[in-house]
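The structure appears below as structure tokens.
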Amino acid sequence: MEDFVRQCFNPMIVELAEKAMKEYGEDPKIETNKFAAICTHLEVCFMYSDFHFIDERGESIIVESGDPNALLKHRFEIIEGRDRTMAWTVVNSICNTTRVEKPKFLPDLYDYKENRFIEIGVTRREVHIYYLEKANKIKSEKTHIHIFSFTGEEMATKADYTLDEESRARIKTRLFTIRQEMASRGLWDSFRQSERGEETIEERFEITGTMRRLADQSLPPNFSSLENFRAYVDGFEPNGCIEGKLSQMSKEVNARIEPFLKTTPRPLRLPDGPPCSQRSKFLLMDALKLSIEDPSHEGEGIPLYDAIKCMKTFFGWKEPNIVKPHEKGINPNYLLAWKQVLAELQYIENEEKIPKTKNMKKTSQLKWALGENMAPEKVDFEDCKNISDLKQYDSDEPEQRSLASWIQSEFNKACELTDSSWIELDEIGEDVAPIEHIASMRRNYFTAEVSHCRATEYIMKGVYINTALLNASCAAMDDFQLIPMISKCRTKEGRRKTNLYGFVIKGRSHLRNDTDVVNFVSMEFSLTDPRLEPYKWEKYCVLEIGDMLLRTAIGQVSRPMFLYVRTNGTSKIKMKWGMEMRRCLLQSLQQIESMIEAQSSVKEKDMTKEFFENKSETWPIGESPKGVEEGSIGKVCRTLLAKSVFNSLYASPQLEGFSAESRKLLLIVQALRDNLEPGTFDLGGLYEAIEECLINDPWVLLNASWFNSFLTHALK
């Protein structure tokens with residue numbers, strides 16, 4: 001059959017048919033009958049249009065040997081055979097210029113004389129059956145249908161055959177010839193039987209018995225029966241005036257569509273109040289590491305051994321004292337907790353064999369810090385359901401907080417490069433499918449750009465601490481286990497390095513459900529003086545615990561070393577996601593890939609190498625009050641990664657809501673920029689939904705302020 005098609009039809013028609021099949025993922029070599037049917041249909045469409053023109057008086061004429069001087073316009077616009085995007089562009093342009101109703105499905109032709117779209121059908125079955133299927137599918141009075149068969153029959157809407165007898169006879173003769181040629185090669189029977197009907201779902205299958213009763217029970221309000229509802233749905237035209245559609249849906253809905261212009265949107269209102277505070281599970285830019293290079297000590301890789309080794313690299317310990325108390329906490333308990341950690345580590349060192357894990361003594365300060373015995377007693381509902389004034393606790397509204405500059409600094413810092421590499425090349429996972437080497441090449445380029453990024457350090461730190469906490473929570477439920485906060489990296493010279501950020505002490509952890517909370521106390525080293533931005537550290541008690549000698553350009557200087565202590569909590573599900581923070585690498589790699597794909601499709605070749613190696617080109621990174629910020633491709637990779645990492649570190653219901661709701665406004669603004677003339681109703685309600693999420697979360701507030709910068713520049 002394939003050979004027959006290639007011999008029987010014009011090469012241009014064959015090429016168009018192949019293209020159409022590929023667009024739908026079909027193979028002309030396998031689905032040969034379909035290949036023949038598409039070629040036949042294309043040829044009929046072209047023959048329908050051939051030789052038909054409109055002269056300068058607007059009359060329809062047939063010209064077979066063209067007079068080059070005649071001012072003639074083609075009578076038919078051919079839509080069939082174009083790729084979908086182009087075809088719809090042609091249809092839209094016809095509808096805009098002629099005011100003809102836009103069809104739901106792509107028609108085959110447009111007749112400029114009769115001002116109507118035409119659907120051409122070629123069938124191997126009865127013409128009237130095929131006609132009904134087409135009419136049922138299109139469901140439009142406006143599109144004219146004309147069906148031809150291989151036996152010389154035809155059928156058209158209202159018996160209006162559009163063309164003269166001779167033109168139609170030419171088409172019928174050609175179809176008859178194709179049929180005979182196929183028959184002589186023994187191909188006709190298979191071709192005739194392979195025709196499937198128009199793929200519409202049979203609409204009227206009967207529902208009986210239980211399903212019928214359930215259907216009647218589950219109707220929307222105001223409908224008495226399933227028939228009543230079906231009739232309403234069948235009569236519902238999806239196109240047309242939106243206001244009418246809404247009022248048709250419900251009498252209560254009354255929406256006026258307002259045009260959305262450059263002057264329409266206002267900036268988001270950010271909350272007032274004291275500045276927002278740090279709420280991440282561990283310190284980010286303020287963290288300080290005690291490190292050992294090329295670790296080779298006994299028990300290397302066992303966290304407690306590594307931690308003790310790191311602690312020994314520091315000699316400036318001093319008697320700790322509180323420099324910034326926690327407003328609501330019993331601060332001496334935090335001080336005692338740190339002293340206890342030091343004492344117990346000292347005790348371990350004096351033992352002959354260091355244990356692999358360390359459970360802290362359950363002292364009063366740790367019981368207080370970990371909320372031991374603080375949970376309200378659970379009472380069986382049966383025992384208290386008769387109490388008349390049983391009620392849920394009143395909970396206060398969260399206090400509103402304003403945006404503080406520290407969160408932007410945190411983000412900027414996360415985008416920076418460090419002098420160590422935090423991931424090996426294979427951290428993103430090996431190729432599974434043989435997707436050539438393009439995927440590996442992209443991954444390697446991307447990894448090179450982000451392996452030294454501070455956001456990548458946060459990923460590895462997050463993965464480590466969450467894994468260790470979840471393990472301890474399951475393995476030592478009743479114990480106050482001491483968990484060192486550790487990360488590993490490689491220096492510029494490729495030497496291995498183990499870092500200690502501080503310690504976590506885990507509380508009781510009988511975690512049955514995903515959301516059950518385990519309390520922990522974190523104690524983290526830092527050189528940041530908390531008195532510079534006290535509001536950032538509202539949830540912390542900060543101790544001064546030592547003096548550190550730092551090498552600077554002017555020689556060695558001594559700086560106080562602080563310990564940031566706070567009570568915190570997490571759950572199984574949060575730890576599970578924390579353990580999977582490496583996904584952030586994948587998410588940002590995919591965003592970069594879509595940028596490369598866009599470039600590649602324009603240039604029609606893979607642009608991976610050029611994309612990463614053209615150092616002169618800059619790319620948009622984000623919006624700031626100064627305008628659109630641009631940077632190198634490496635900076636783009638690191639910024640996208642930092643955004644993904646912060647979405648994980650600062651995950652919250654406020655962020656979920658803000659992302660979902662602000663996206664709607666973003667799409668409307670994008671539509672305006674693309675000159676699509678968007679209309680909206682209840683824009684105030686959308687603003688309300690967005691601003692409801694702006695309460696006190698630093699990352700959400702920063703995103704909202706970026707959104708405002710975007711609005712300002714997008715609408716200039």
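Just so you know, glycine gets a Cβ as well, placed from its N, Cα and C.
The Mn(2+) 1 binding site annotation in Swiss-Prot covers His41, Asp108, Glu119, Ile120 and rests on sequence analysis. Its own atom aside, the Cβ of Ile120 (Mn(2+) 1 binding site) has 22 Cβ atoms within 10 angstroms in the protein chains shown.
Residues or ranges marked as Mn(2+) 2 binding site in Swiss-Prot (evidence: sequence analysis): Glu80, Asp108. Reduced to three states, the DSSP call for Asp108 (Mn(2+) 1 binding site) is coil. If you take the C-beta of Asp108 (Mn(2+) 1 binding site) and look for same-chain residues 6 or more apart in sequence within under 8 angstroms, you find His41, Cys45, Ile78, Ile79, Glu80, Ile118, Glu119, Ile120.
Under 8 Å from some Cβ of the motif 'Nuclear localization signal 1 (NLS1)' (124-139) lie the Cβ atoms of residues 103-105, 145, 147-150, 153-155, 191-192, 195, 197-198, 200, all in the same chain and six or more residues away from its ends. Feature annotation from Swiss-Prot assigns motif 'Nuclear localization signal 1 (NLS1)' to 124-139; the stated evidence is similarity to another entry.
Positions annotated as motif 'Nuclear localization signal 2 (NLS2)' by Swiss-Prot: 184-247.
Around Glu80 (Mn(2+) 2 binding site), a 10 Å sphere centred on its CB holds 22 further CB atoms from the protein chains shown. The helix, strand and coil residue counts that DSSP assigns across the motif 'Nuclear localization signal 1 (NLS1)' (124-139) are 12 helix, 0 strand, 4 coil. Model confidence over the motif 'Nuclear localization signal 1 (NLS1)' (124-139) stands at 84, taken as the mean pLDDT rounded to a whole number.
Of all Cβ atoms in the shown protein chains, 23 besides its own fall within 10 Å of the Cβ of Glu119 (Mn(2+) 1 binding site). For the recorded Mn(2+) 1 site, residues His41, Asp108, Glu119, Ile120 set the reference point as the centre of their Cβ atoms, and the other residues of that chain within 8 Å of it by Cβ are Val44, Cys45, Glu80, Pro107, Leu109, Ile118, Gly121, Val122, His146.
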